[in-house]
Amino acid sequence: MSNHHSKTKKTSMLGREDYIYSHDITNKNKKEKLNGASKNNDYNQDDDDETMKSKMMDFCDKTTAHGAKRVLIARNSFSKLMWGLIIFSFLLMFAYQASKLIFKFSAHEKITDISLKFDDVEFPAITFCNLNPYKKSLVMMVPSIRDTMDVYDNAKTHSKSEGEKKKPKVSRKQHSDASQQMVRELFAKEIEEGMVELKKSNKTLQSQNKSGRRRSQRSIENRRYEAIEAHCKCVGNIGMECIRFESPPRDPSSKCICTYDRDMEVAWPCFNISVWYDHECPLCHDDGYCESTLPSGTTSSDKWPCMCRNRGDTSERDDTPYCIGKAGVGKIEIRKLWLENNMTTTSTTTTTTTTPPPTTTSTTTTTTTTPPPTTTARPNQRAIVSNPETIKAMGFQGMTDGVAMLTRAKENLMFTMAALSDKQRIALSQSKHEFIEMCSFNGKECDIDEDFRLHVDPEFGNCFTFNYDVNNNYTSSRAGPMYGIRVLLFVNTSDYMSTSESSGVRLAIHPPTEYPFPDTFGYSAPVGFASSFGIKKKVMQRLPAPYGECVETKKVVDRNYIYAGYDYHPEGCHRSCFQNGLIDDCSCGDPRFPVPEGYRHCSAFNATARTCLEKNIGSVGDFHHITQKMDKCVCKQSCEEIIHEVTFSCSKWPSGATDLGDCDGMTESECEQYYRLNAAMIEVFYEQLNYELLQESEAYGLVNLIADFGGHLGLWLGFSVITVMEVCVLLVDMISLFFKSRHEEKLLRQSTKRKDVPEDKRQITVGSGRKSDAFVSI
């Protein structure tokens with residue numbers, strides 16, 4: 001009775017279907033035990049109860065996954081089929097979703113977080129360079145450099161004569177005259193009607209019987225440009241441009257003649273008075289520029305008073321000199337700039353005492369040109385200058401464009417300088433105290449000797465780096481131009497080489513441990529201005545592989561990296577690959593970049609090396625773009641990079657109230673003009689003391705994968721972590737049962753063989769069987 005009561009209670013606790021399923025399993029297990037007990041085998045028959053089928057049924061009965069149990073407790077085959085299809089469909093859906101999750105995880109996507117950091121901001125290193133790399137007065141003392149410049153000067157002279165022979169060059173003035181003539185033709189009717197109306201309304205016109213001389217004089221006075229005498233300081237070659245002052249000249253040697261613009265009230269350019277000569281030009285244009293001779297086939301009886309000078313540095317008079325009309329009275333009188341500025345009414349005349357150069361051409365209607373292929377721009381040149389191999393190596397053959405020739409001359413200068421030692425190149429460029437006159441940082445005076453370090457650049461010569469010491473780094477306490485670096489730099493334009501197109505300063509902003517690269521990442525500041533460079537700091541932190549490709553280590557140990565002693569930079573990597581490729585092919589390197597230890601740069605005068613270099617540069621292309629020839633070179637970004645964004649502004653400098661430096665023997669106005677033409681004020685400062693942190697992070701990591709994987713398991717199959725553990729236990733049991741059944745089958749076969757052996761041989765067989773059993777038990 002009690003047994004029946006307990007059975008009823010158990011049935012009520014379980015569901016009906018669960019009870020039936022459990023009862024069937026119990027009866028089935030009992031039957032299997034009875035059948036197993038009836039068999040007479042040599043091994044334990046109780047292990048047969050743990051069959052794979054019973055394990056699966058027991059798992060489905062007790063698992064926390066609800067779907068599998070529904071198949072086994074279904075009342076009919078249709079229900080089992082439906083539940084099986086549903087579970088299988090959900091299993092496929094889960095597999096699809098799981099594959100997408102795995103694909104998303106394997107893509108290693110990343111996101112960039114941007115945040116503002118308020119912390120101490122270290123001031124970057126600033127490298128200052130003169131746009132003129134070497135002093136003209138010094139480089140012309142070195143034979144190899146002088147030869148390089150002579151080849152350039154000869155090429156310029158030759159290209160001008162060749163251009164005149166092939167196709168006469170049309171001047172800007174001739175283009176302007178042609179445009180005026182076209183307008184006259186297009187608007188001839190309107191112009192004629194306007195002139196008729198003007199004549200009718202103007203009854204006070206001057207008589208037309210005045211002399212042609214006075215008419216010519218009056219026309220000159222109304223034109224825009226004229227020659228004017230001024231006070232100048234001329235330094236260097238006599239043909240170089242002079243520095244003009246507003247004050248009267250102290251002596252005749254300080255006089256110069258300038259081209260005066262009436263509209264702008266500016267006198268520029270100015271040249272020493274000794275290079276000018278008086279002339280009577282047969283033709284002067286409406287703007288004031290004159291022609292020393294008439295074009296072929298034209299005649300004129302006019303005689304316009306003008307001042308002329310040679311366009312080149314030669315002492316002989318040019319066939320086409322630069323001429324500008326005079327507005328003074330008489331043949332050799334000229335207006336004085338200092339009198340115009342002081343607005344004096346006293347008429348002061350000065351007679352020029354310069355001796356005009358010997359005239360080699362007569363003023364006729366026909367002109368002759370002498371072909372100058374063998375003419376040199378400067379006398380007493382060495383034989384190597386006219387050597388055909390030298391001319392071929394320099395690459396001026398066939399060039400007529402002045403800009404292209406200047407670019408080529410700059411390259412040739414770098415080739416020549418690369419053959420010199422560092423000590424020799426340093427001596428030819430500006431020294432620290434010549435270049436840097438004044439400096440302050442954070443409102444305090446700098447120590448020019450200690451705070452600036454020399455940096456020799458292949459293109460800009462001597463450069464000087466501020467804040468180069470990592471162990472003693474400057475930090476800005478405030479934002480604004482007053483609390484950064486303010487430096488007065490003297491570039492001395494009077495000593496500029498002919499290859500320097502513009503006057504000013506080149507600066508690069510970079511971390512102290514990185515190479516400056518002023519040619520690529522630099523900024524230019526002109527003379528005569530206070531240039532302000534406001535900077536904002538950004539820190540970029542990139543993820544390494546597998547999320548991205550970046551270089552984690554800053555120190556470079558590769559011997560092929562040509563910028564030894566500096567941190568890794570992608571620009572340095574590209575240049576190193578480019579340079580090493582050229583060395584492999586030509587056995588010499590490009591002078592724009594350093595060479596590894598034991599190698600040399602290509603010679604400027606070696607045509608074979610230059611040809612090989614040009615050929616390889618043409619095949620490789622820009623060293624920033626990897627081609628098939630550089631496919632082995634992989635240049636990655638740094639994992640941590642400091643970026644400085646720069647904004648530029650400028651104002652005219654000096655103001656007139658500025659306390660300037662070395663102005664011995666000059667008035668205040670002369671000193672101001674002197675510095676305006678030769679110096680630049682530079683300000684570099686932080687616009688704000690916070691900085692942006694751009695940090696990469698993984699967009700989908702392992703934690704996200706596990707969470708989404710578990711969510712889909714629970715959604716489609718009703719699985720949890722416990723269910724996963726149950727499946728793992730089931731797999732272990734199934735594997736152990738498989739190997740156990742294989743072992744028992746082996747024992748059964750051995751037992752069967754012993755029964756078939758004759759009795760006289762069974763002892764040996766039994767012994768061997770025991771040995772096998774012992775081996776299995778081990």
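The backbone N, Cα and C atoms fix where each Cβ goes, and this holds for glycine too.
Database features (Swiss-Prot):
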{"type": "TOPO_DOM", "residues": "1-82", "note": "topological domain 'Cytoplasmic'"}
{"type": "TRANSMEM", "residues": "83-103", "note": "transmembrane segment"}
{"type": "TOPO_DOM", "residues": "104-711", "note": "topological domain 'Extracellular'"}
{"type": "COMPBIAS", "residues": "154-165", "note": "compositional bias 'Basic and acidic residues'"}
{"type": "REGION", "residues": "154-180", "note": "region 'Disordered'"}
{"type": "REGION", "residues": "201-220", "note": "region 'Disordered'"}
{"type": "CARBOHYD", "residues": "Asn202", "note": "N-linked glycosylation site"}
{"type": "CARBOHYD", "residues": "Asn209", "note": "N-linked glycosylation site"}
{"type": "CARBOHYD", "residues": "Asn272", "note": "N-linked glycosylation site"}
{"type": "CARBOHYD", "residues": "Asn342", "note": "N-linked glycosylation site"}
{"type": "REGION", "residues": "346-380", "note": "region 'Disordered'"}
{"type": "COMPBIAS", "residues": "346-369", "note": "compositional bias 'Low complexity'"}
{"type": "CARBOHYD", "residues": "Asn473", "note": "N-linked glycosylation site"}
{"type": "CARBOHYD", "residues": "Asn492", "note": "N-linked glycosylation site"}
{"type": "CARBOHYD", "residues": "Asn606", "note": "N-linked glycosylation site"}
{"type": "TRANSMEM", "residues": "712-732", "note": "transmembrane segment"}
{"type": "TOPO_DOM", "residues": "733-778", "note": "topological domain 'Cytoplasmic'"}
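Packing against the transmembrane segment (712-732) from elsewhere in the chain are residues 55-56, 59, 62-67, 87, 90-91, 93-94, 97-98, 101: each is 6 or more residues past its ends and has a CB under 8 Å from a CB in it. Here the C-alpha separation of Asn606 (N-linked glycosylation site) and Asn492 (N-linked glycosylation site) works out to 33 Å. Around Asn473 (N-linked glycosylation site), the C-beta neighbours below 8 angstroms that are at least 6 residues distant in the chain are Glu122, Phe123, Asn467, Pro512. For the glycosylation sites Asn492, Asn606, the largest tally of other C-beta atoms within 10 A is found at Asn492. A distance of 18 Å separates the Cα atom of Asn492 (N-linked glycosylation site) from that of Asn272 (N-linked glycosylation site). The secondary structure of Asn492 (N-linked glycosylation site), as reduced to three states from DSSP, is coil rather than helix or strand.
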